[in-house]
Amino acid sequence: MKVLLIGGGAREHAIAMALKKNELVELYTLMKNKNPGIYAISDEVSFNSETDVPAIKEFAEKIKPELAVIGPEAPLGVGAADLLIEMGIPTVGPKKLPAQIETSKEFMRNLFKKYEIDGSLRYAAFNEYGNDLETFIDEMTSLGKDVVVKPAGLTGGKGVKVVGEQLKDNEEAKIYAKEVFDKSIGGGNIIIEEKLVGVEFTLHGFVDGENIVFMPAVQDHPHAYNNDEGPITGGMGSYSCPNHGLPFLSAEMLDRAEKIMEKTVSSINSEVGPYNGFLYGQFMLTADGPKIIEYNARFGDPEAMNLLPILKTDFLDVCFAIAEGKLDKINLEFENKATVCKYVVPNGYPIDPVRNKELTVDEKAIENADAILFYASINEKNGKLYITGSRSAAVVGISENIEEAEKIAQMAIENFKGEVYYRSDIGTLGLIKKRIERVKQLAK
């Protein structure tokens with residue numbers, strides 16, 4: 001069974017490992033850098049940019065895969081799924097138009113407005129800097145609301161800036177908005193949104209064009225440093241619970257979040273056609289219930305590393321069901337285990353990361369700790385590993401409870417040597433209790 005995988009990060013390493021649990025799978029990977037984890041379990045690799053559509057076509061024509069799985073968002077934005085589907089290859093990953101749920105924040109917000117989907121918020125879209133933009137921010141200020149400035153297109157998770165975090169106040173938000181236009185960050189268009197106050201969580205679903213089947217809820221930790229301090233990153237780690245919920249998330253709030261995603265899928269279908277792939281909803285649990293921060297048209301990273309290792313159902317079967325519209329025929333099961341994921345990242349990340357420095361990894365010690373190792377933005381050259389400037393590698397601990405899973409992950413994360421750092425508090429009971437208290441305060 002030949003499977004084409006596009007992408008070379010930790011998320012794709014998790015996807016590759018999940019696919020290879022089926023002994024019939026022959027894995028053919030197209031990726032930019034030599035990710036040693038993916039390389040080791042691939043039958044053949046094509047080293048090309050994941051957005052190089054002609055290279056994707058050439059590789060697919062050569063290997064003739066029976067299934068394709070697209071990992072990152074960038075290939076979706078340039079129509080990689082459209083190409084593969086046109087070639088007659090069952091593909092996991094939405095076509096370019098449905099993928100706008102991630103690639104165009106304006107499309108996403110307008111969809112919520114048009115179809116009256118719950119969980120929306122105040123926003124406005126702008127294609128130039130001017131009085132209208134300033135007036136909207138001033139109106140938000142008069143309402144006592146801070147704002148979030150979001151470039152409308154893809155920025156690798158690093159273009160969004162929030163008042164009270166990266167921005168001092170709404171006046172500084174105007175300055176950053178002008179910078180986005182001047183530098184054409186994320187394509188140059190902008191969404192200004194009200195800042196949500198609450199606790200974040202993520203919810204993933206497998207989507208087959210009509211049906212959505214949910215995975216366990218996960219909490220990501222985007223801040224760079226312990227105690228949720230420092231700049232926003234692509235995610236420093238995450239955890240999930242044995243009951244597939246989260247300690248601060250009631251069954252009612254989880255159900256509301258699921259209904260928001262269900263209506264989103266049907267609305268995408270009505271607006272631009274069926275969505276076949278992974279869908280990741282980033283939510284804020286507020287005093288008014290769950291609100292959607294944004295959607296991703298793929299697995300979250302790091303969340304994929306929490307979810308895929310505890311998937312009991314054959315992932316190959318799930319992927320075919322997604323591509324062929326047959327998820328209603330699949331009995332989706334996850335283990336009732338806790339997971340904790342922790343990332344090591346380059347010193348200076350995400351602002352000014354060191355690059356091309358050697359990273360030493362004691363794989364045997366990580367294995368002895370009963371953790372799972374996932375390589376991310378790593379390039380292997382002449383038998384040595386080099387960091388490339390983004391998140392480097394992650395470890396995952398899995399156990400009967402959060403406390404034990406965190407101990408496993410922490411023991412494993414200490415086996416990296418190089419110019420890297422990590423957050424030691426992810427999955428700790430102290431940090432989780434802070435989330436619980438925060439939600440209690442919101443309810444008052």
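Every residue gets a Cβ built from N, Cα and C, even glycine.
Per Swiss-Prot, the features are as follows:
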DOMAIN    109-324  domain 'ATP-grasp'
BINDING   140-202  ATP binding site
BINDING   Gln282, Glu294  Mg(2+) 1 binding site
BINDING   Gln282, Glu294  Mn(2+) 1 binding site
BINDING   Glu294, Asn296  Mn(2+) 2 binding site
BINDING   Glu294, Asn296  Mg(2+) 2 binding site
- Message: Using a 10 Å cut-off on Cβ-Cβ distances across all protein chains shown, tell me which of the binding-site residues (Gln282, Asn296) has the largest neighbour count.
- Response: Asn296
- Task: Could you say which of the binding-site residues Gly164, Gly188 has its Cβ with the most other Cβ atoms inside 10 Å?
- Result: Gly188
- Near Glu294 (Mg(2+) 1 binding site), which residues of its chain come within a Cβ-Cβ distance under 8 Å, counting only those 6 or more away in sequence? Glu102, Lys105, Met108, Lys150, Gln282
- Task: Name, in the order they occur in the sequence, the residues of the same chain whose CB lies under 8 A from the CB of Met140 (ATP binding site) and which sit 6 or more residues away.
- Result: Arg122, Asp146, Val147, Asn170, Ile192, Glu194
- Message: I'd like to know the mean pLDDT over the domain 'ATP-grasp' (109-324).
- Response: 94
- Query: Rounded to the nearest angstrom, how far is the Cα of Asn296 (Mn(2+) 2 binding site) from the Cα of Gly164 (ATP binding site)?
  - Reply: 24
- Only counting partners 6 or more residues apart, tell me which same-chain residues put their Cβ under 8 Å from the Cβ of Val148 (ATP binding site). Val160, Lys161, Val162, Val163, Ile192, Glu193, Glu194, Lys195
- Asn296 (Mn(2+) 2 binding site) sits from Gly188 (ATP binding site) (Cα to Cα, rounded, in Å) at a distance of 20
- Query: Helix, strand or coil at Val180 (ATP binding site), per DSSP?
  - Reply: helix
- Least surrounded among the binding-site residues, given as Glu172, Val180, Leu196, when other CB atoms within 10 Å are counted: Glu172
- Roughly how many Å separate the Cα of Val180 (ATP binding site) from that of Asn296 (Mn(2+) 2 binding site), to the nearest whole number? 21
